[in-house]
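First, the structure itself, so that you have it in front of you.
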Amino acid sequence: MEHGSIITQARREDALVLTKQGLVSKSSPKKPRGRSIFKALLCCFHTQHVVQSSSSTELTHKEEANTIAKSDLLQCLQYQFYQIPGTCLLPEVTEQDQGRICVVIDLDETLVHSSFKPINNADFIVPVEIEGTTHQVYVLKRPYVDEFLRRMGELFECVLFTASLAKYADPVTDLLDRCGVFRARLFREACVFHQGCYVKDLSRLGRDLRKTVILDNSPASYIFHPENAVPVQSWFDDMADTELLNLIPVFEELSGTDDVYTSLGQLRAP
């Protein structure tokens with residue numbers, strides 16, 4: 001098994017291309033993050049919406065209404081199906097988290113950056129066994145990750161969901177999440193492999209999608225549920241990055257909503 005198959009990462013050159021195309025937000029140490037993050041989110045699926053809008057002009061008003069109704073019904077059926085015991089990825093909601101929004105948080109290039117090459121200022125060095133040989137993984141923590149996770153744990157039911165393998169991601173999360181913010185951890189086997197990408201299907205969690213949000217640096221990860229997503233720029237080693245710090249007030253605003261679709265839609269509005 002190759003090193004690259006253990007950790008699922010964004011490439012630095014891909015992140016630069018996406019940033020230039022407006023597919024992800026770019027943080028600035030001088031400006032607080034506000035509603036602009038959600039404008040970036042809309043850009044992620046601009047092409048998809050253009051295709052849909054061009055074809056929708058051929059629909060009658062009645063057909064459009066039926067399409068919306070079918071979409072709502074499908075979402076409802078998916079949610080009800082995963083309420084059947086043993087079919088959902090997450091355990092029952094604890095008493096502590098009753099009524100809270102479930103926030104699904106990615107690991108690599110969202111909270112940390114890891115490398116098999118030595119990093120002088122690594123926050124963690126994690127041994128990972130690959131085909132009988134132990135390799136060292138050097139892990140950098142994104143700036144303000146501790147403050148971000150602490151606040152998220154106070155407000156939400158937090159779930160780690162990574163496309164990396166558990167043999168790497170589990171020990172990294174042990175070191176990163178000292179306070180036990182994550183109620184559950186999901187790894188690659190919980191993803192859906194779709195068109196060459198590991199997709200995090202939120203409908204399989206067993207949570208109401210109206211009260212579920214995903215934070216991820218890869219739009220492909222949430223392609224099934226773009227309207228539940230808060231995008232974040234891929235992080236590699238910029239120690240001046242303030243993305244997580246600037247996201248705290250955004251999530252504080254979301255924490256009191258009963259419908260993330262409505263709240264995220266309002267925040268995306270110009």
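Cβ coordinates come from backbone N, Cα and C, glycine included.
Predicted, not measured: the structure shown is a model, and the values here were computed from it.
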Based on Swiss-Prot, name the residue from Asn121, Asn217, Asn228 that is recorded for the same Mg(2+) site as Asp106, Asp108.
Asn217
Checking the contact step here: among the recorded positions Asp106, Lys200, Asn217, which have a Cα within 10 Å of the Cα of Thr162 (site 'Transition state stabilizer')?
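So the list is Asp106, Lys200.
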To the nearest Å, how far is the Cα of Lys200 (site 'Transition state stabilizer') from the Cα of Asp106 (active site, 4-aspartylphosphate intermediate)?
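Given the Cα positions, Lys200 (site 'Transition state stabilizer') is 10 Å from Asp106 (active site, 4-aspartylphosphate intermediate).
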Could you work out which of the recorded positions (Thr162, Asn217) has its C-beta surrounded by the smallest number of other C-beta atoms within 10 A?
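Sparsest of the recorded positions Thr162, Asn217 by Cβ contacts within 10 Å: Asn217.
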Round to a whole number and give the Cα-to-Cα distance in Å for the pair Asn217 (Mg(2+) binding site) and Asp106 (active site, 4-aspartylphosphate intermediate).
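Roughly 8 Å, rounded to the nearest whole number.
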Taking every residue in the domain 'FCP1 homology' (96-254), what is their average pLDDT?
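Value for the domain 'FCP1 homology' (96-254), mean pLDDT as a whole number: 97.
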